[in-house]
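S.K.: Annotations per TrEMBL:
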type	residues	note
DOMAIN	34-109	domain 'Mce/MlaD'
DOMAIN	117-316	domain 'Mammalian cell entry C-terminal'
Amino acid sequence: MTSTLIKSIVFTVVTVLATVALAGTIRNSTGDDGRRFTALFSDATSLNKGDDVRMAGVKVGTVQDITVTEDSNAEVTFSVTDEVRLTSGARAELRFRNLVGQRYIALSPSETSGAVSLPAGHTFTLDDTRPALDLTMLFNGFQPLFRMLDPKDVNRLSEQIVAVFQGEGATVDGLLSSTADLASTLAERDEVIGQLITNLNDVLTVVDERSTQLDTTLITLQKLVSGLAEDREVIGNTIVGLGDLTTSVSGLLEESRPPLKDSISAVQVLSNNLAKEGPVLDDFLKNLPVKLDKIGRLASYGSWLNFYVCSIEGRIPLPEGYMGDLGVKPVAGRCR
């Protein structure tokens, strides 16, 4: 029982110590904050709290805090162990730790003899610092070449380029060797490159032949844009007017929806009635032209209606007691 307890205690202590060591490694901490300094950088992209502070490639401190100043510069607070002596004229540079984008602060000692030690809290100004190399701009320039290489070759060449531009690691000979390999790869694919240049030449030839049309298109486009810019107030007012019109039409439709619904229902009833009285409707439509022809005679002499007495039937009482006929018969041609 005692042996088991002792083993459990030893295992627990070892586990705790290993966990503490692992946590310290993950936190990237030196275990001693030491003296603190401040450095101003024009750009501190990808630099994070807890990153390394190195001198001659050896970790001597840790980044403690990063803030933005009123003039839009990055103010980095970092610690350095007490064993490291910083003198006036020292410089702080941001360098890439790897191609993933991790960075660290590299401290360069002063090259001036007799320099005095810097006190804790000293601030490295913009003249004493240098931001990291812009890899995006650098690699964009090499992008056409990287497309012709294998991923492994690209990574190897990229690491050497970064190291050379940062002044450490690989030598210029290594960079030249990689460049020679790159040139050999390009030479092996000269046919593809030649075809690309030929196609590009054809494109430029067509563009040159259409230079007049291209100039006209660009000038017309410029006039269009200028006209739109000059009429921007009118266009803006028109858009506002369209908004008001849309609101008014929406209100009109909302108000007219109930009457329109009733009208549609009434039309449905009318169509049902007409369907039921189909024979009567057919007879009406057949006789309608004849009736319209007769009615048209009334206005055949102008934009008025003519009425004629064609016949009168009836009897008129006479003084002697006899009844006489009117005697008006439809003898005129207009009455036939």
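From the backbone N, Cα and C atoms, a Cβ is placed for every residue, glycine too.
Curation plays no part in TrEMBL annotations; they are all automatic predictions.
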S.K.: Over the span of the domain 'Mce/MlaD' (34-109), how high is the average pLDDT in this prediction?
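M.R.: When the pLDDT values over the domain 'Mce/MlaD' (34-109) are averaged, the result is 88.
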S.K.: For the domain 'Mce/MlaD' (34-109), how many residues does DSSP put in helix, in strand and in coil?
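M.R.: Residue counts in helix, strand and coil order: 0 helix, 42 strand, 34 coil.
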